[in-house]
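For reference, the structure discussed in these notes is given below.
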């Protein structure tokens, strides 16, 4: 027991001596085995080696002391001098506390510090004492790496960025600034696109700040959703600190195309026209146009599930006015100015002929004089071209008649030496495979000298000393007419001055006083075009009853009716006569029937008669001056079973 206590006292004295010697000379002579450097990351484990191999094979380590920096006090010690039943003694100073451990093999001992702290860096010296060999020192420089604390990505306007950034337009230039703060040693900053290094240049700003600015020039479609990573690294012992952003782009449409087969279209035909576009982000919008006219209200748009394709379907009803124009489908990205693409379809529209009439360039409808040549041109718009052209006047076909001055050539109509007969409404007609077209009516107004109107009263029956008003009507254009009247008999011609005129009508007052005052009155008109060529002639005849009827004949008869036809006498007494028939039954009795008729024409249908009865027919003509002599016939109706036609 005593021996044990004595031995322990000697060991204590030796440690004190060694410590004092160390304080007096921290570079105690001995062998140094230099290690270069040892790098560890804050928070990791530091394993500082110490060579404990003795110079002599039969030697042993007795004491290991660890020093840090210039301090003469050991931070850790291991006393390996063995005492029976006692393990080596290990001591750590307050700085290491319970972070230090020690392990030893025959050739090397390691001081392990975990976790490493920022102030654990520096020069560590391991001193090893042997029983017999000289003391040996080894030095290790420990570097503690502190990773960067913060990593920030900003844009050119100093806005902090993260996640998906943008969207940016194609061909845009984007500036991304990566800043790292903290860390020892100063970290390096680099930009990566996937595994490709983009930029490893950086600038140290001081105060622990490092910056790397990446400028992306002319962004392309391939950069869509590319991930750009900024890495900050000051050691290869750990994964670099990193931060990433993903590029979003607004992409213009790559293509727009009208996919409907292009063919001639018929006017009024309803057709679905399909247009599609690809490659836009966000999805492109499609619009339809003809010139400046939008057709979007007639279209329906759909977008594919992945947003890459947009399809628009237009319900299109073409018109003839759109022939030769372009149907345009435009694709544009609403987020990207000036991104529009378009596809055009030049429309070939089939339509029936559209016609209009026009006079020759030097002519006007209302100022054409009789005797002029008039040229009509049928202006035709048709697709396909017309196969036939025809003309109408007053809705009746007009034929090519050169002898009559009507000449039709191609799309034109020539009227030679026009007169009153050429007045009226003209039309041209044309046909193609789409149908027939008809022009609007063009009314030709030919200015002509006065002509006598047909159908007016031409004979006047007048008694002596009776005044008669004779009306003369003419047609003329213009109607600024001056009239002239003349009387003519077998022996003389005299002017009549007692007349009044208004526009196209003149009324002459005439009184025959003797037999020589009966004859003809003639009137002429004159306007700015010329003098009436043929006068209007009126007969002045003595007033009297009409001549008797002539050629009265039974043409058919039945049991209750018969028909009598006569002809009018030569003279009507100067006025329009009436024609009379009286049928008197020759049967006596209450049931006998008599019939009386008055007609404007000398034909009579007598009905409501008794069957099998003979009638006496009395016929004559009358006017205001009296009646003619009578014509008498006998006619017998048939019995019920008979029917005859004369």
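Note that Cβ sites are derived from N, Cα and C of the backbone, with glycine treated the same way.
Look at TrEMBL and you will find 1-21 tagged as signal peptide.
Taken from TrEMBL, the feature domain 'Ig-like' applies to 29-137 (among others).
Mean pLDDT of the predicted structure over the domain 'Ig-like' (148-246): 93. If you look up TrEMBL, you'll see 148-246 (among others) marked as domain 'Ig-like'.
Under the heading domain 'Ig-like', TrEMBL lists 253-348 (among others). Shown for the domain 'Ig-like' (253-348): DSSP residue counts in helix, strand and coil, namely 6 helix, 49 strand, 41 coil.
As annotated by TrEMBL, domain 'Ig-like' applies to 353-445 (among others).
Positions annotated as domain 'Ig-like' by TrEMBL: 450-523 (among others).
The domain 'Fibronectin type-III' annotation in TrEMBL covers 545-641.
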- Note on the structure: Checking 148-246, 253-348, 450-523, 545-641 against the domain 'Ig-like' (29-137) for Cβ pairs under 8 Å, the most are found for 148-246
- Taking DSSP H, G, I as helix and E, B as strand, the domain 'Ig-like' (353-445) contains 9 helix, 53 strand, 31 coil
